[in-house]
Amino acid sequence: MLANLWDVIVVGGGLAGSVISSRLLQNNTSLKILLIEAGEDVSTNTIIPYADNQALLVPSPWSWNDTTVPQTGLDNRVIPNPAGKGLGGGTIINSCGWIRGNENDFDLWASTVGDSKWSYNGQLPYFRKVEHTWNASANPEEHGFVGPMWFASVSSTGRNYPLRNTIKSAWAEAGLLPPADGDANDGTPLGLGELNENRKNGLRELASSAYPLAGVTVLTNTLVGKILISQVAGSLFATGVKLANGTEFYAKKQVILSAGAYRTPQLLKLSGVGPTAELNEFGIKQLVNAPAVGTGLADHMLLTLYWKLRPEVAAQGVALGSTNPLFAEPQFGDGVPADWVATESLPTDQLIAAITKDEGKVPSSSHPLLATKRSFMETLIIYAGASAADPVIQYNGSHIISTMVGLLPTSRGTVKLASTNPADHPIIDPQYFTTEVDKLNFRHGIQRVAQLFLGTPTGNATIEGETPADGFAPITLSSDDDYLNARARHSSENSYHPMGTAAMGKVVDNNLNVIGVKNLKIADTSVFPVVITAHLQQATYAMAEQAAVIIAAACKN
Ligand SMILES: Cc1cc2nc3c(=O)[nH]c(=O)nc-3n(C[C@H](O)[C@H](O)[C@H](O)COP(=O)(O)OP(=O)(O)OC[C@H]3O[C@@H](n4cnc5c(N)ncnc54)[C@H](O)[C@@H]3O)c2cc1C
């Protein structure tokens, strides 16, 4: 029978929970650590590691398979919203994009909470600590060479896609060049960078395997129902957790909540830490009035467009689905069929006009969207155009796709309780596409892709035109704002990067302590107080590495 008294209990064996458990034990091998994960241990699963199987992972048994409420900004559509469920969390189903983001995001984080350890330079030692780069000549100030997380670039895996130089040339003709040092993964992503993915020898890297958990007691298939919080000598202390089945485990030193940006706020509220009205509505005794729990939800909206290759180009077998034998070579199974990550900002005059519309006054030059060069839009050109839905396109090498990720949304949403049952899906409302800045961002993004494919000599020689969603005319260089907004409303989805629902400065302090409850910390993407303008893995790994140092120090008391 499992002991019920532990030094540290970690709730959620996802990305952050795995890193923290592993590092805490490494730091102090006498710590008794219990890691509790709702999903299964997938370390021997034979589907999950392979890039070719990505489409089988969402929806799947390894996802919570959440959805949003109907999104008013997206023609009232309900958007699928997967999050990883299993040991490794998001890293068991994610797309493995290894993208650091913009140093200005982290500096804004630090200035927002008044603590330089969360700045880019404050996080840099942890970015390095995580990494095992493929590039022996990478700048050692920026990159790590011996960390647990291996990553590779497209070219380092030998995937020589036929369109690599075509797309690079078209971007150059559209005015987008690689950064001066060629490295877009060093905090300065604006420009054209090569895609990197955290796969080792072509296989997905799970946080729970790359960070060894031997010596940590791991409970899988076990749902935590609430954090146990007790009043001792006038203060509230987290003393342990109660499982959904009623079993209780106690922690002498720390309880760490790492259940992800949807379920961390859910568990906080079920434990009595949350907004008064919502807790009252469900008859939950409020222990801490924490109005910000479950607010501030930010996510990166994503829009995919389909581009028909000119017949003479398609006949050369440049896209997956064609009969080109090249794509049967094994290395082409090692990652996403794309070469480049294009990261762009917005024209300042248009951005000022959009902010003015959203905020009702002309922004000053110190506005966080204007003070530094932010990354607004990421565009990937993927050499595999197929859609069984809208539009109907066969997987036959006739199309490629552009995928746009809105990196810096200003729309903010909520995660609310649906019931007091921890097994129920929370109510997720990201409020996609409800601000003028977000609309500008996608209009501009679509215009940039149109320019790439229809307005440059190389793009024009490659692409015949856009194959639009049902009921729409194809995109042109002169498509107007109403049309562009309608296209984004009709087809946008998300890229599964929720953050900010238990933000630092509002719900946790700068050392990740839940404000008002001792011995309770949060470490997952919930705590991001500003939008990170990248796929979130790298930022989450670095945060979790720094969190482990903070928690290890707290465990000495
Ligand atoms: C489909 C998909 C694709 C993505 N692609 C990329 C990408 O290409 N690049 C990138 O950088 N990022 C990507 N991401 C995002 C990235 O994986 C996440 O940002 C990251 O995993 C978040 O880490 P986390 O520790 O905050 O939460 P998670 O990794 O989600 O971990 C939370 C864990 O808590 C567990 N849990 C929740 N509630 C309970 C409970 N009550 N009891 C017990 N356990 C519980 C969950 O099962 C989960 O294992 C993707 C995400 C998804 C879903």
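Think of each number as a place in line: the chain as shown, counted from 1.
Each residue, glycine too, has its Cβ placed from N, Cα and C.
What TrEMBL says about this one:
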- 84-107: domain 'Glucose-methanol-choline oxidoreductase N-terminal' (DOMAIN)
- Val224: FAD binding site (BINDING)
- 260-274: domain 'Glucose-methanol-choline oxidoreductase N-terminal' (DOMAIN)
- His497: active site, proton donor (ACT_SITE)
- His535: active site, proton acceptor (ACT_SITE)
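Within 10 Å of the C-beta of His535 (active site, proton acceptor) there are 24 other C-beta atoms, taking all protein chains into account. With a 10 A radius on its CB, Val224 (FAD binding site) counts 25 other CB atoms from all the protein chains. Note: the CA-CA distance between the residue listed as 'active site, proton donor' and His535 (active site, proton acceptor) rounds to 7 Å. Other Cβ atoms within 10 Å of the Cβ of the residue listed as 'active site, proton donor', summed over all protein chains shown, number 26. Straight-line distance linking the Cα atoms of Val224 (FAD binding site) and His535 (active site, proton acceptor), rounded to a whole number, equals 27 Å.
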